[in-house]
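S.K.: Handing you a structure now.
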Amino acid sequence: MPEESIKVAVRLRPFNQREKDRNAKLIIKMQGKSTFITDPKAPHDEPKQFSFDYSYWSHDGFVELPSGILEADNSLSPYASQKHVFDDLGRDVLKNAFDGFNCSLFAYGQTGSGKSYSMIGYGVNRGIVPIVCDELFHEIQNAKSPST
């Protein structure tokens, strides 16, 4: 089991259409594991800083491929794809489950904050849960196959 049994991650989603229509102002910045929030009523004050195990930027910096998959628009983009989030969080859940540990993964947040997208996904941009399920059954199938 890894050193840390609990990991906390935050993910910033793109503006939805309603937010775009209202010309919403982005008040969040991320740098490494830190997330900074500026008070919109006091924009000149020092932003509040919060540290997490993972701070995922998914607000912008992505393109939609012909397949529909969203990925970083260049190698310097901070965009965190579904695969990136799974690699950081889902792989450890799978490994620990196969090592015999009880595991859970849950999303918490306000309605419309992106929990369903991160956990389940939409279309080809599958979330953590369907990828974990696929990987789980793939590993089980590999374990059943006779070695050559």
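Cβ coordinates are placed from backbone N, Cα and C, and glycine is handled just like the others.
Feature list, courtesy of TrEMBL:
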- 5-148: domain 'Kinesin motor' (DOMAIN)
- GLY109, GLN110, THR111, GLY112, SER113, GLY114, LYS115, SER116: ATP binding site (BINDING)
S.K.: Other residues with Cβ within 8 Å of the Cβ centroid of GLY109, GLN110, THR111, GLY112, SER113, GLY114, LYS115, SER116 at the ATP site?
M.R.: ARG13, ALA107
S.K.: Summarise the model confidence on the domain 'Kinesin motor' (5-148) as a single mean pLDDT, whole number.
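M.R.: For the domain 'Kinesin motor' (5-148), the model's average pLDDT rounds to 94.
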S.K.: How many other Cβ atoms are found within 10 Å of the Cβ atom of GLY112 (ATP binding site), counting all protein chains shown?
M.R.: 11
S.K.: Where does LYS115 (ATP binding site) sit in DSSP terms: helix, strand, or coil?
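M.R.: SS state of LYS115 (ATP binding site) = helix.
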S.K.: Going by DSSP, is GLN110 (ATP binding site) sitting in a helix, a strand, or coil?
M.R.: coil
